[in-house]
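Trainee: One structure follows; several queries about it will come next.
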Amino acid sequence: MQFTALLAALGAPLALAASIPAAAHNHSMIDVQLAATGNSMIKATITNTGDRTLNLLKFNTIMDEHPTRKVMVYQDGAEVQFTGMLPRYKMSDLTPEYFVNLGPKASVEHSFDLAATHDLSRGGKIVVKAHGMVPTAEENATTITGHTLYESNELTMDVDGKQAAAVEQAMGGDDSTGVIDKRSNIVTSSCRGSQLRVLQTALSNSARLSRAAASAAQRNPSKMREYFKTADSRTVQKVASRFLSVARESSSGSTGRTTYYCNDNRGGCHPGVLAYTLPSKNQVFNCPSYYQLPALNNRCHGQDQATTTLHELTHNPAVVTPFCEDLGYGYQRVSALPASKAIQNADTYSLFANGM
């Protein structure tokens, strides 16, 4: 993936695949236009439509440098399989390189190959679009103070399947191998020093928090409305069921349907990434920064090992179907999601569990 700056800056938004009602002070301040530049190549042009400089966070956005979910791809009305990564980023101690200052009426371009993160081997017509929420900071600052929204044009492309299949997959093709602890599906050969013990503790805490969250979902309608924007019986049942599924997957006595690695062997642990999931493979990988988090964080909505593990497990279709996306990070962004998006947002589950 490559960036071509129209300005001397790069940056971006947060969370793909969310169409979110905007508050008056959070109306759309950027325009995103998609264009096809090759068989499976996309150029996204991002323009600041406002009259003030925007400082945009790049994490999990259409301008993320990493093989994350930048667009939604459909064929014959069905979603094309995503083969890239769904990371959880560290949201504290953000540094300037994670942002872009985009001046009034200025634009940047970002190009990427859909075939590197989607299975386009079938070929034929596809429909591509992007929409989401972008965390923002004040100019030359790194503290998130708000967000803006975007929705791109809808782009139709005719893809040559053989040519697309020849594109190297960003996260590798063959499955990783190693010695697996069948009790939890942890690849023990990927662990060094105390990492196995740390991960086992995180899974145990994830199971405990998930069970408590399932109970809270059923007994605390005010908290359901706070995080999931509704307390109707269908949503309560779905949320509780998903938490119980995460609890089962987290339990050391489970055979497990995901494969969990103590360390990265696919090159996904970029700066700022705590852990990431490959939903196409039901695999989770911890990054070095994961081990710098506390096991549990007593600060409400603070990131820790337990809720990071919980967050990543919701990204796995073997645990939650359809698997959760990264539609909004942090309490303020989660609070801005409507009910239809909150229930599909991974951080909504981790924050709810942390807040109980």
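Cβ atoms here come from the backbone N, Cα and C positions, even for glycine.
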Trainee: Check Swiss-Prot and name the cysteine among CYS262, CYS269 that pairs with CYS287 in a disulfide.
Mentor: CYS269
Trainee: Work out how many Å separate HIS311 (Zn(2+) binding site) and CYS287 (disulfide bond) at their Cα atoms, rounded off.
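Mentor: The Cα atom of HIS311 (Zn(2+) binding site) is 14 Å away from the Cα atom of CYS287 (disulfide bond).
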Trainee: What same-chain residues, at least 6 away in sequence, bring their CB to under 8 Å of the CB of HIS315 (Zn(2+) binding site)?
Mentor: LEU86, THR277, PRO279, VAL284, PHE323, CYS324, GLU325, ALA346
Trainee: Just to verify a number: CA distance, ASP326 (Zn(2+) binding site) to GLU312 (active site), in angstrom, no decimals.
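Mentor: Rounded to the nearest whole number, the Cα-Cα distance is 10 Å.
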